[in-house]
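Trainee: Copied straight from TrEMBL:
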- B:27-31, B:H92, B:R126, B:177-181, B:208-213: ATP binding site (BINDING)
- B:24-255: domain 'Phosphagen kinase C-terminal' (DOMAIN)
Amino acid sequence: MICQECNQRPATLHFTNISNGDKTEMHLCERCAQEQGEMFMMNQGSGFSINNLLAGLLNMEPSFQTKKQEAFHQEHVLKCNHCSMTFPQFVKVGRFGCANCYETFKGQLPPIIRRLHSGNSTHMGKIPRRIGGNIQIQRNIANLKQVLSEHISKEEFEKAVEVRDQIRSLEKQLEDKRKGGE
Amino acid sequence: MSLERFISQAVSSWMSEDGPDSDIVLSSRIRLARNLSEINFPTLATNEESGKVIETIEDRISKGPAPGFGKMELLKMDDIKPLQKRVLVEKHLISPHLAENAPHGAFLLSENEEISIMINEEDHIRIQCLFPGLQLTEALEAANLIDDWLEENINYAFDEHYGYLTSCPTNAGTGLRASVMMHLPGLVLTRQMNRILPAINQLGLVVRGIYGEGSEALGNIFQISNQITLGKSEEDIVEDLNSVVSQLIAQERSARGALQKTSNIQLEDRVFRSYGTLAHSRIIETKEAANCLSDVRLGIDMGYIKDIPRNILNELMILTQPGFLQQYAGGPLSPDERDIRRAAFIRERINMEKNQ
Ligand SMILES: [Zn+2]
Ligand SMILES: [Zn+2]
């Protein structure tokens, strides 16, 4: 099957979108599916925006396909208490309203995030220096704990002791920071 | 205004300077998306909130400039004329979205135009570093310095799990989009792109033409960028892109070598025909100009043409866009008039080089 957007490459992604009982199918190649109207695109309006694409992706979530759950969601619509965005609105526009939306919709997000980021769901990159100090320490501790268990499984006890001390000192740092912050 | 002066004012460093592998990689770009923690994202922000974002940035600047980047001036989109906006977009300094759909948009620009910071675009802050040649690592370093400088006085929306929180979930995590602009005439002429593109897509990278519509890559210029922003470190994202780009460079070089070996005279003929078109035509459309510029640039890179600097491709691809032509003409032009102006502009530009 050929991608219906570019009519060139083979379609590898197939979306079925059901709204109001109408079923529409989309067959896209990877590239067209990921087109995001990024900066360098001088020519916009090629018809199919990330917004409706994302809406398509989100609507595919199994939890929204059964009528029962749809009814449930109409009764208890999730709504961000900071920006007032509801979950259906988010699905429609494909954009969060504010940072707090991530917290509000956290029960719904993991499958969406994984789908968009090749199965990844946890940030592994930069941590802001000023506000992220504790997170960095926590991440270091988690890494060291892994190293520790590797050393133990290889019976490298001297190295294990070294790492254990490093972990302790980081844990102390963390505790001091928390006390200082209060 | 004289053409020389117009060009000297219009050209950013990434367009005029050479960088590593700049026979094939025209430019490297890093973009970081950031948001303020307490304020609604720009799509929902009120006038007041958007104003607060700008104030916060102005406040940051007033406490001292980013180290090593010189003075950066904050410009509000409201104060910029439509034609100027268009020119900024054509130079890749701001996004079409900021120019057209961001009522409270603003941006900061470094003097050499390598750094721009867009405000109230899709996210509150988008840091962009645009360097000549293949310099993703250097551009990332610069972007990180700007990021750290901003963060000294700004509380970013950040989550342990989802990283930097962005308006669109496709940017969450690092908020990093790394991209390179590559000139790949050898791979296009040897019909290898159709084979290579799917392979690159499989590696989690996105390829597309920068100029032209849809899948068409005018001037054989392609942009390659990372697709996922979450679950990998910034360094890994850049490294993965770098390694694919290096392979593409090697393949492009070998395609050029093969072309020279098997079809030297045909290639030389093609290059000089295009040169002739650019040097003498009276009417030229964007598409023809782009294809001829690509040929001429290839001719320069392969040593057929010696009296023209190679940055003419980067420069003229941008300076012959509609916004620039109208800016140079000093007013609006119909598409037909643009084609005439474009031909004249290119002729003059080539003669300017010859007369030096
Ligand atoms: Zn397609
Ligand atoms: Zn919200």
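Each Cβ is built from the backbone N, Cα and C atoms, and glycine gets one as well.
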Trainee: What same-chain residues, at least 6 away in sequence, bring their CB to under 8 Å of the CB of B:S27 (ATP binding site)?
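Mentor: When sequence neighbours closer than 6 are ignored, B:S27 (ATP binding site) has B:W14, B:M15, B:G19, B:L130, B:F131, B:P132, B:G133, B:V180, B:M181, B:N314 within Cβ distance under 8 Å.
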Trainee: Limited to the domain 'Phosphagen kinase C-terminal' (B:24-255), I'd like the whole-number average of pLDDT.
Mentor: 92
Trainee: Given binding-site residues B:S27, B:I30, B:R208, B:Y211, which are under 8 Å from chain A when comparing Cβ atoms?
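Mentor: Correct list, in sequence order: B:R208, B:Y211.
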Trainee: Return the residues near B:S179 (ATP binding site) by Cβ distance under 8 Å, restricted to its own chain and a separation of at least 6 in sequence.
Mentor: B:S28, B:R29, B:R31, B:Q223, B:I224, B:S225, B:N226, B:L241
Trainee: Does B:I30 (ATP binding site) have same-chain partners at least 6 apart in sequence with Cβ under 8 Å from its own Cβ, and which are they?
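Mentor: Sequence-distant Cβ neighbours: B:I127, B:Q128, B:C129, B:L136, B:A139, B:L140, B:A142, B:A143, B:L176, B:R177, B:A178, B:V238.
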Trainee: Counting Cβ neighbours within 10 Å across all chains shown, tell me which of the binding-site residues B:R126, B:R208, B:Y211 comes out on top.
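Mentor: Result of the Cβ crowding comparison: B:R126.
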